[in-house]
Amino acid sequence: MGISHSTPKSPPYLLEEPLPTASTTATATKDPKKLALIPLIFLIYFEVAGGPYGEEQAVGAAGPLLAILGFLIFPFIWSIPEALVTAELATTFPGNGGFVIWAHQAFGPFWGSLMGSWKFLCGVINIASYPVLCVDYLKLLFPIFSSGLPRYLAVLFSTLLLSFLNYTGLSIVGYTAVSLGIISLSPFLVLTLISIPKIEPIRWLSLGEKGVKKDWTLFFNTLFWNLNFWDSASTLAGEVDQPQKTFPKALFSAGMLVCLAYLIPLLAATGAIPLDQEDWVDGYFANVAQIIAGKWLKVWVEVGAVLSTIGLFEAQLSSCAYQLLGMADLGFVPRFFGVRSTWFNTPWVGILISTVFGLAVSFMDFSDIISSANFLYSLGMLLEFASFLWLRRRWPAVNRPYKVPMGLPGLVIMCLVPSGFLVFVMAIATKTVCMVSGLLTLVGIFWYFLMNFCKSRMWLGFDTVRERVEDGDVE
């Protein structure tokens, strides 16, 4: 084996087939235990959005016109590049672990491990927020859950119940996501249809009420929060039926669903009622439903919000659990992190660890921690874009079942635009967020060296770290 003096070729095992893992491989025939196209579409949908819940703040921050333009334009400068990168890398390296594999293959085990730490911490913080949000919606219908012991018990038992559902199997979770998606979107379909005769298009052109100052930080954070995490489903790639074909289709379909789920209700609501900008906060769609159709539709929207948070929780927990499984396959965490259930073949240890972390965070005052999760996510995405570009430059001949149809200069431009936005998000972070993010990053670095020390002393069992593509691997 030696270094080629011509354009580097892909390693032999990548020329013939995608990178296998210890637990899963891509199959040529349909496997009923694998995740099919429709469930994957809705899992991606819940990873990213979960419905128009939460987009209201964009109107409150900048007015109807800029909110509409934001949800119309931002997918092109952020969501589409992230989805394209995910489609190419998830089909080239379709193992559990997703972005961890990509960073490892591009820059080595340290960066792969750090990517895993950033994304896992980000994921479990999101996991913690969903049961809390679910209880916040439930207290509108059942005030007993507003505070005290009933609230804490509701958060605890809802988390444990939803985690058990995740344990029963990814296919069950996937088809549950399909049902939750359809049911949670249905009140917005009704809202839109009832709104049509009341719509005055001139209202869409409003830049906001006079005297209401625009909150650009809130506006951009709302867009960012509602349209990111396209890469989260990549950690499930090893569980997808024929991922090379399925992932690009699922990402495209989920992208269309997400954009329509945001834009159509936003156009209906802002066009059908007079603007009272200060009312446009989280949960205001329920009030809009009551104004337009009555109390019955408000309750339906609130029930849909609860179902949406369940879908968000299940999708995020699946991503975190299978990420840990992939990291165990890679040797970044002890082998027992990837242990699967003998009944359901799910990574029960990964589910348990993710749930425990989520519960720990859910009982904290974590507003700054959530902002820090966005900061860590931004760091991870910068590394992800860098990994994508480096792998395309260094290994252009690697078999890519889906390939973004651009040359390297075009890809650099495609990645620079969202990268600039990521830098902007980090630049406007508070000092507290920067400190918390820095501390969590140090924890991730410490974890990498701790795991290496445990390997050297053979204190814990580890799988062999998957061989990284190197110059020396090329004939």
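Cβ atoms are placed via backbone N, Cα and C, with glycine included.
Source: prediction; values computed, not measured.
Feature transmembrane segment, per TrEMBL, maps to range 116-137 of the set 116-137, 314-335. Most Cβ pairs under 8 Å to the transmembrane segment (85-104), among the stretches 59-78, 116-137, 149-167, 411-429, 435-454, belong to 116-137.
Counting Cβ pairs closer than 8 Å to the transmembrane segment (149-167), the top stretch among 35-53, 173-196, 346-363, 411-429, 435-454 is 346-363.
When Cβ-Cβ distances below 8 Å are used as the criterion, the transmembrane segment (346-363) is approached by residues 120, 123-125, 127-129, 131-132, 152, 155-156, 159-160, 163, 166-170, 317, 320-325, 336-340, 369 of the same chain, each at least six residues removed from its ends.
The stretches the transmembrane segment (369-391) and the transmembrane segment (435-454) meet in space: the count of Cβ pairs below 8 angstroms, excluding pairs fewer than 6 apart in sequence, reaches at least three. When the stretches 35-53, 59-78, 173-196, 250-273, 435-454 are ranked by Cβ pairs under 8 Å to the transmembrane segment (411-429), first place goes to 59-78.
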